[in-house]
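S.K.: Take a look at this one; I'll ask things after.
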Amino acid sequence: MPKCGYSDVGEAWREELGMEDVVATVLSLWSEVKPLYRELHAYTRHKLLKLYGDAEVGPYIHAHLLVNLWAENWLALSDVLLPFPTSTPWTFRNHSHLLQTAEHFYTTMGFDAMRPTFWSHSMFVKPKDRLVDCHAMAYDFGLNQDYRVRMCVGEGPSFAEAVHELGHVHYSASYRRLPARLRRPPNSAFHEAVGETLAMAAHSPRCAHKTGT
């Protein structure tokens with residue numbers, strides 16, 4: 001990296017964000033949310049102790065107990081962690097119903113419905129005849145409004161993922177009339193922020209009621 005003008009890879013990544021004080025900003029934000037995170041971790045550890053016992057749960061929460069490859073999303077533990085696990089706000093008949101509900105979330109806000117090619121060319125269910133990567137992703141092929149999603153409904157927190165990935169699709173579609181070089185987001189974090197903001201909004205009780213879930 002020194003040959004490219006950077007002291008390390010981290011400096012190159014931080015520059016892409018376009019923030020001179022990104023490290024200070026992150027540390028400041030972390031200091032604000034750290035007390036809440038400590039309480040959440042304590043609550044989660046308590047629940048896991050009741051489930052697995054002292055032999056499996058030590059002073060720190062082991063990542064493999066959180067049922068997520070990166071230990072970053074704990075929705076798969078909802079039946080263990082929610083105070084009232086039988087009162088979940090969403091009930092889906094099948095993967096089609098789940099995805100249509102995610103689409104309905106956007107159309108109620110005035111966004112266009114997905115094009116027929118989106119539904120026919122995307123992968124929503126894990127195929128049985130081959131190995132695939134189930135990590136949810138959205139793709140803009142840059143031609144004829146060809147947008148697609150790759151995900152495996154039922155392999156994780158699917159509704160949140162569906163709303164998140166459709167957020168990427170709508171973000172890309174909003175730039176479709178611009179030259180290709182102007183369709184990129186200001187930085188990589190911005191694109192993810194759009195998807196995450198909409199996914200969090202979709203989890204609100206008001207939204208769940210409006211979308212009929």
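Each Cβ is built from the backbone N, Cα and C atoms, and glycine gets one as well.
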S.K.: Looking at the Zn(2+) 2 binding annotation from TrEMBL, with His164, His168 already listed, which candidate in Glu103, Glu192 is the matching residue?
M.R.: Glu192
S.K.: Identify which of the recorded positions Glu165, Glu192 has its Cβ surrounded by the largest number of other Cβ atoms within 10 Å, counting every protein chain shown.
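M.R.: Highest number of other Cβ atoms within 10 Å: Glu165.
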S.K.: So which other residues, same chain and not among His164, His168, Glu192, have a Cβ within 8 Å of the centroid of the Cβ atoms at the Zn(2+) 1 site?
M.R.: Ala138, Glu165, Gly167, Tyr171, His191, Val194, Gly195, Glu196, Ala199
S.K.: Let me check the 10 A CB neighbour count of Cys134 (disulfide bond). How many other CB atoms are there?
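M.R.: Total other Cβ atoms inside 10 Å, all chains included: 17.
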